[in-house]
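*Asks:* Take this structure, written in structure tokens, and hold onto it; I'll ask about it next.
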Amino acid sequence: MPHTQAHAQKTWTATDAAAFLSPPEESDHKYSRGVLALRTGSTSYPGAAVLGAEAAWRTGLGLVQFVPQLGDSVSPHGLPTPAAAVIAARPETVVTAAPERADAWLIGSGTDPRSRTPAETAALTALLSGDAPVVVDAGALTLLASRAGGSTTHAPAIMTPHTGEFRALWEELKLRQPATAAAATIELARQLQTTVTLKGAVTLIASPEGLLLSAGPATPWLATAGTGDVLAGIMGALTATHAATVRTSPSLLAKLGATAAVLHDVAARIATRETAKGGSARPITAGDVARAIPAAVALVRSLTD
């Protein structure tokens with residue numbers, strides 16, 4: 001799918017992103033700063049849940065809650081459950097089967113739709129039909145196909161496919177071959193009435209209304225396992241902190257998605273100790289990127305000081 005720019009698009013910069021990284025105010029408390037609920041990870045991939053939670057906390061918000069999957073099987077490899085792994089890494093996280101409140105949800109990271117139980121599918125489908133904004137990643141992406149051509153009211157949603165996942169959805173919907181990746185991103189957003197973040201060296205973000213943004217090119221050191229889970233966590237935190245506005249203006253999700261992509265790249269460059277000339281001092285892991293997010297937030301915010 002070629003990345004030819006055939007549509008008018010805005011390159012989202014760190015200066016643009018800074019406007020969405022406001023610090024807390026004296027009157028804030030954990031509930032006013034944004035509450036994110038995660039339904040991520042699996043017994044095969046508990047690390048995805050950890051990376052998403054880590055990234056969300058480090059992006060800055062009031063509370064992260066983790067909701068275990070319904071009917072998740074016992075790991076044959078002796079791995080911890082996602083909930084146990086998350087609590088071990090981030091003990092601030094609240095594990096609950098039924099959150100009393102959630103300003104936004106992150107679903108799907110580290111899950112496989114082929115092993116998802118009917119009860120879990122029903123629970124995720126209910127979230128996508130609710131009021132709270134939802135970040136849809138990895139194993140939950142296929143649930144969005146039912147939105148095509150429908151008029152039912154849906155939760156505001158932003159999806160995060162890589163090229164392979166994007167192509168699979170495109171083929172499932174039997175859409176015509178697009179001329180460019182930009183055109184395809186816009187069309188999928190329109191078809192699914194969902195903001196689409198097509199991940200890549202240059203990430204494309206399109207809203208159902210036709211807004212097209214791009215972020216990057218990102219550092220190639222991000223091409224390592226788990227960085228997509230980190231991006232989803234950043235996106236979840238930003239969506240939770242801006243949830244009130246997103247509920248009334250879902251088109252804001254495109255700008256939040258682009259902001260997440262910028263912050264993700266800045267954190268990776270900090271983690272690699274990249275020099276001003278573009279040289280990189282060391283390879284990184286997804287965990288390194290997550291741990292560099294607070295420094296990235298501070299750096300990006302400084303552009304407005």
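The backbone N, Cα and C atoms fix where each Cβ goes, and this holds for glycine too.
What you are looking at is a predicted structure, and each value in this text was computed from that prediction instead of being measured.
Copied straight from TrEMBL:
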- 13-300: domain 'YjeF C-terminal' (DOMAIN)
- Ala48, Gly110, His162, Asp229: (6S)-NADPHX binding site (BINDING)
- Lys199, Gly200, Ala201, Val202, Thr203, Gly228: AMP binding site (BINDING)
*Asks:* To test your reading of the AMP site: which residues beyond Lys199, Gly200, Ala201, Val202, Thr203, Gly228, same chain only, put their Cβ within 8 Å of the Cβ centroid of those residues?
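*Replies:* Counting only non-site residues, the set is His162, Leu198, Leu204, Ala215, Gly216, Ala218, Ala261.
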*Asks:* Tell me which of the binding-site residues Lys199, Ala201, Val202, Gly228 ends up closest to Gly110 ((6S)-NADPHX binding site) in space, Cα to Cα.
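*Replies:* With Cα distances computed to Gly110 ((6S)-NADPHX binding site), the winner among Lys199, Ala201, Val202, Gly228 is Gly228.
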*Asks:* Given the (6S)-NADPHX site residues Ala48, Gly110, His162, Asp229, which other residues of that chain have a Cβ within 8 Å of the mean position of their Cβ atoms, reported in sequence order?
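*Replies:* Close Cβ neighbours, site residues excluded: Thr40, Tyr45, Leu51, Gly52, Ser109, Asp137, Ala138, Gly226, Gly228, Ala232.
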*Asks:* Taking DSSP as the reference, which of helix, strand or coil describes Asp229 ((6S)-NADPHX binding site)?
*Replies:* helix
*Asks:* Restricting to the binding-site residues Ala48, His162, Asp229, which ones have a CA within 10 Å of the CA of Lys199 (AMP binding site)?
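*Replies:* Checking Cα-Cα distances against Lys199 (AMP binding site), the binding-site residues within 10 Å turn out to be His162.
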*Asks:* Any idea what DSSP makes of Gly110 ((6S)-NADPHX binding site), helix, strand or coil?
*Replies:* coil
*Asks:* Far apart in sequence but close in space: which same-chain residues, 6 or more away, have a Cβ under 8 Å from Gly228 (AMP binding site)?
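*Replies:* Ser109, Asp137, Ala138, Thr160, His162, Lys199 - these are the non-local Cβ neighbours of Gly228 (AMP binding site), listed in sequence order.
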*Asks:* Among Lys199, Gly200, Ala201, Val202, Thr203, Gly228, the annotated AMP contacts, find the widest CA pair distance and round it to a whole Å.
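*Replies:* For the residues that bind AMP, the greatest Cα distance is 14 Å.
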*Asks:* Restricting to the domain 'YjeF C-terminal' (13-300), report the mean pLDDT as a whole number.
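*Replies:* Mean pLDDT across the domain 'YjeF C-terminal' (13-300) comes out at 93.
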*Asks:* If you count other CB atoms within 10 A of each CB, which of Ala48, Ala201, Val202 wins among these binding-site residues?
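*Replies:* In terms of Cβ crowding, the pick is Ala48.
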*Asks:* Using DSSP, would you call His162 ((6S)-NADPHX binding site) helix, strand or coil?
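*Replies:* The residue in question, His162 ((6S)-NADPHX binding site), is coil (DSSP, three-state).
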*Asks:* Taking Ala48, Gly110, His162, Asp229 as the record's (6S)-NADPHX-binding set, what's the max Cα pairwise distance in Å, rounded to a whole number?
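*Replies:* Comparing all Cα pairs, the maximum is 16 Å.
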*Asks:* Quick one: give me the count of other CB atoms within 10 A of the CB of Asp229 ((6S)-NADPHX binding site).
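*Replies:* Counting Cβ neighbours of Asp229 ((6S)-NADPHX binding site) within 10 Å gives 29.
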